[in-house]
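According to TrEMBL, the protein has these features:
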- 7-29: transmembrane segment (TRANSMEM)
- 41-58: transmembrane segment (TRANSMEM)
- 83-230: domain 'Palmitoyltransferase DHHC' (DOMAIN)
- 127-152: transmembrane segment (TRANSMEM)
- 192-219: transmembrane segment (TRANSMEM)
Amino acid sequence: RNRFYQFTYITLVAVGYWIFIFQICPHLPCDDVAEHHKTVTASMILTNLLFFTLLSYIDPGVINKRNHDRYTKMYRYDEQLYSKNRCTSCDFIKPARSKHCTYCNHCVARFDHHCVWVNNCIGRRNIAYFIGLLISLLTICIYGTIIIFRIFCCIVDKQKIFLAAYVDPISGELKSMTLSVVCQHLFMEYPLIALLLTTLFMLIFALGGFTIFHIYLIFRNMTTNEYYKYKKMGIPSRKHFYSEGIVYNIFHSLSSR
């Protein structure tokens, strides 16, 4: 285990916020609007970093000799994915739905996966914070993409770029502006803003898919570990042993008790 990805995450968030404050806000139409967006963005980032901090330090559901009985009684063995097997590292019978994490070197209750970004496991006691982290980060990406796109639209409209012409470097002819040329112009004139826009736009799809996948797992009361175990064994995941209705699944999955 190391904290490289944690520092990387915080650095990326800080750089993105710096670009927003010093590169994007000056292009907003007035000071009141700029202050509003600064406040909203700061609130979203602080919320995201709160979830990040909680995930980094809160116990994900580490199983030890003191709480082993409680976690053993929490879930029945389905004798399909889970049976009474001994964890040789922890020296006890692994409770159902638990798994020994090779990175953290302990068993975790309702193990989902090990997240390198928070340098911690995602399990029974912190899955709700993980969903919060994903949703808050996705919200930041969508919000930032919309703001930057609208600013670029205002710049193009204010400077009347589409009414301008350019000299084709190959033929030497004077040509009307096209969308691709306008995009190239914006990238050359505002490289940091354009880079941030591109990154946020791509993250929307990556994070969106990842978030939807985990919400689906919550609705099924299933973990990432179980989902891929089903796939590996060729068992239809719709027959999930621990699913007891969508309402129960949501409350049970997000409960940290």
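Here the Cβ of each residue, glycine as well, is placed from N, Cα and C on the backbone.
No curator has checked TrEMBL annotations; they are predicted automatically.
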Positions on the same chain near the transmembrane segment (127-152), where near means CB under 8 A and six or more residues out: 16, 20, 24, 27-28, 37, 40-41, 44-45, 47-48, 51-52, 54-55, 58, 110, 112, 115, 118, 186, 190, 193, 196-197, 200-201, 203-204, 207-208, 210-211, 214-215, 218, 253-256
Averaged pLDDT, computed only over the residues in the domain 'Palmitoyltransferase DHHC' (83-230): 94
